[in-house]
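What follows is a set of notes on a single structure, which appears directly below.
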Amino acid sequence: MDLKRSIFITIIVAFLYSIVILIGKDTTQPLIILTSMIATTISVATPLTLGALCGTFCERSGVTNIGIEGMMLSAAFFGWLTSIYLNTIYHVTPLPSLLIGVFVAILTGGLLGLLHAWLSVTFKVDQIISGTVINILATGVTGFLNRQLFFEKGSIFGGNVPHAPGTLPIIAIPGLSQIPVFGKVFEQQPIAWTAIILVFVANFVLFRTRWGLRTRAVGEHPRAADTVGINVSFMRYINVIIGGCLAGLGGAYFTLESVPSFEPLMTNGRGFISLAAMIFGNWTPLGAWAAALVFGAAQAFQINLQFFRDLIPPQWAFLQQSYIVGLTPYILTMIILAGLIGRTTSPAADGTPYEK
Amino acid sequence: MDTVLEVKGITKKFPGVLANDHVDFNLRKGEIHALLGENGAGKSTLMNIIYGLTSPDDGEILINGKATHFHSPKDAIACGIGMVHQHFMLVPVFTVAENIMLGSEKLRNGVLDIVQVNKDLKELSTQYGLEIDPTSLVHDLPVGIQQRVEIIKALYRKAEILILDEPTAVLTPQEVEDLFIIIRKLVDQGISVIFITHKLKEVLSIADRITVMRGGKVIATDDPKQTNEQALASQMVGRTVILKVDKTPAKPGDVVLSVKDLHVQDDRKIETVRGVSFEVRKGEILGIAGVQGNGQTELAEAMTGLRHAISGEIRIQDQNVFNHPPRDLVEKGMGHIPEDRQKHGFVMQYPISDNLVLCSYYVSPFCRRGVLQNSAIGTNAENLIKRFDIRTPSPYVPTSKLSGGNQQKVIVARELSRNIKFLVANQPTRGLDVGSIEYIHHEIVQMRDEGIGVVLISAELDEIMALSDRIAVMYHGEIVAILPADKVTREELGLMMAGSLKPEVSTI
């Protein structure tokens, strides 16, 4: 992450946080608002971080993946479906239901990764088309099954959405979470913690291990890798599947960690924002995480501002319109993708099928 | 001497071509064996088979007398074969060390052991006299050094047989000298080298034995002491080739193109053309000699309207065309054979017929009232294909499907068939085989005789010497001398190109 982008990130985050603190300071202590903002930022950045990691693995190996959105949506649905099934039909207790749900979500992502690799590596289908196929498939299948299983008469759940087993429990870091007020930041749910750990694992794998070196070589100059005996297709397959699993975990966040329910299209463009984060982070895990946190801050801005809606001064009345505030992450995406904040370079062979 | 590698009866068919037809070839320990042949003679196919990239339909490979089968380069590498490809197989954004260890990484507790690799590289460097900084990024290195990285990459894998595929195609004359020194050093250490090329001079100066291939077959294996360029060229092409360009003294007419005090910057905003002035007359060839990267590219781009110059003057006859757009220059009589034909010469995916009218598609007879006249374009293509002997199954195949020589002929045909006053030919024969070079040289001389002024930019000293009537030497963005071609020797030119000889007669 270069200086220009680091400064941009700092300014945006500071700006968004200050507005909320300024508006809310009359009724709430600034430190409490700041804590809440940071905690929300970390939490809502989770799917973006995981999505961006998915993109990083895929694209570093030379496969463009615009199907992250679809992978997340499918994973969110099937993970949730599994946990509800286990909980209501087989009477499994909530926590195991949720954990198995998370596992199924990862599996769903991995399988869609396999599909993407199959189409784009084996059949050399245009990778944008392959990704679009996954997105359309995900929208269709989850929407259809959601209606059929829960809202059709005579379906398993008989037209009633059953009581979900809740969400994953909060894990507080001992010691740090005992800090007065600010300790709240260190109380997050398991997928959020896992995402942060995975950022560092991914960074280590990509830049310090043999697997990473070969992955990057395959994404930059596949023929060079081939001439030293590296199996290009195999590397791409596995990396896209790893990416799929990461997106799957990101999908689980929506229905098993954030809220205990599923709605059609609930990923709401997060997969695409992840791609923007990956690009802004220059295809590195740490950079992608930093970028995901900026988008997280934009969402935290929207969420936290709601608490202080009545305190918004009349000259800032437009901030009361939630649909305007809700645009922040998308406007940020546009600014970043337009390349206004420094251009980044994609892996040289990104999106190009390898022809022997 | 022991034979380290022997192939017997190698046959390989590709759809429509017999790329290798019962090829026999052997390599002795510690020798430099040159493999000579035109593009498409089957050299690369043979080497790809030896390196395990392709498998032969028939025939066998013996390494140190033992029959072997390669399924992938991995097997070949394990047998001590290393290959330096014509297009380097290096990852530009990786460091030298990362590139060299890729595929045979050293690990320590599961983590890449860069320290160990750097140490190994230092040892290799001293053993073979190949200096290299393992921590520099490959894309920052000049081409000659990148090639060195490729050689070290092979040695790092304990290669005893080194295949060099057209290693001099991308090098400057100085770098070629350096490469030859390195190759001789490797051979002294017991490495055996297969040297693939189509350049006759090089072969004669470096090889211990020369095998000539043509049309997928081995034609002969010669001793360089008992053959010469003429004989090799005839073996390569299959007919008598006139290597020396046949031309009469020039009859220069009026000045057609004049460049005065031209200053141009490159993409990095560094001034690479610094006050260049020269004139070209009708019916003469002005050769611009110089080691690559001394401003020739930017000079050519500025002359042809592809790059904005900072200051100076460019005139076609009496009209000032400084920084005019290319179309205006084309309409005023400029012809251009660009340095990178695939990038600036034509549109790869277009059919030949469309590429042949790229400069004139918008005027009659190719266009009427804004609609392209396909029949006129087709007829034009058929005529030019016949006249310039472009080898193609049809005028409508994508130009990308043609061989390099035929692609260049498409450009030559388009430029020379127009009514031009002067021609800027930048590296017009780069990467072409002897037959095509002969053809293009002949065409350029003929254009001159018809009264066209030619600016020939080339890094090949032989080409400059053979074609030019006057020679301008470019060094560090300046023209250090303009000399009549018959009053200067190869050696003098070489020294001037290296900046070490300041000529007494500076201009005529």
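A Cβ is built for glycine as well, from the same backbone N, Cα and C atoms used for every other residue.
Not measured: the values here are computed from a predicted model.
Record features (TrEMBL):
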type     : residues  : note
TRANSMEM : A:7-25    : transmembrane segment
TRANSMEM : A:31-54   : transmembrane segment
TRANSMEM : A:66-86   : transmembrane segment
TRANSMEM : A:98-121  : transmembrane segment
TRANSMEM : A:128-145 : transmembrane segment
TRANSMEM : A:190-207 : transmembrane segment
TRANSMEM : A:237-256 : transmembrane segment
TRANSMEM : A:276-301 : transmembrane segment
TRANSMEM : A:322-341 : transmembrane segment
Per the Cβ under 8 Å criterion, with at least 6 residues separating them from its ends, the transmembrane segment (A:237-256) contacts 46-51, 53-58, 60-61, 63, 65, 68, 71-77, 79-80, 83, 98, 101-102, 105-114, 116-117, 120-121, 167-168, 191-192, 194-195, 198, 215, 262, 266-267, 270-271, 274
Could you pull out which residues elsewhere in the chain have a CB under 8 Å from any CB of the transmembrane segment (A:98-121), counting only those six or more residues past its ends? 54, 58, 63, 65, 67, 70-72, 74-76, 78-80, 82-83, 86, 92, 127, 130-131, 133-134, 138, 165-168, 191, 233, 236-237, 240-252, 255-256, 353-354
Among the recorded stretches A:7-25, A:31-54, A:190-207, which has the greatest number of Cβ pairs closer than 8 Å to the transmembrane segment (A:276-301)? A:31-54
Within-chain partners of the transmembrane segment (A:31-54) [C-beta distance under 8 Å, separation at least 6 from its ends]: 13, 16-17, 20-21, 24-25, 65, 68, 71-72, 109, 181-182, 184-185, 187-189, 191-192, 195-196, 198-199, 202, 243-244, 246-247, 249-251, 253-254, 257-258, 267, 270-271, 273-275, 277-278, 281, 285, 288-289, 291-293, 295-297, 299-301, 303-304
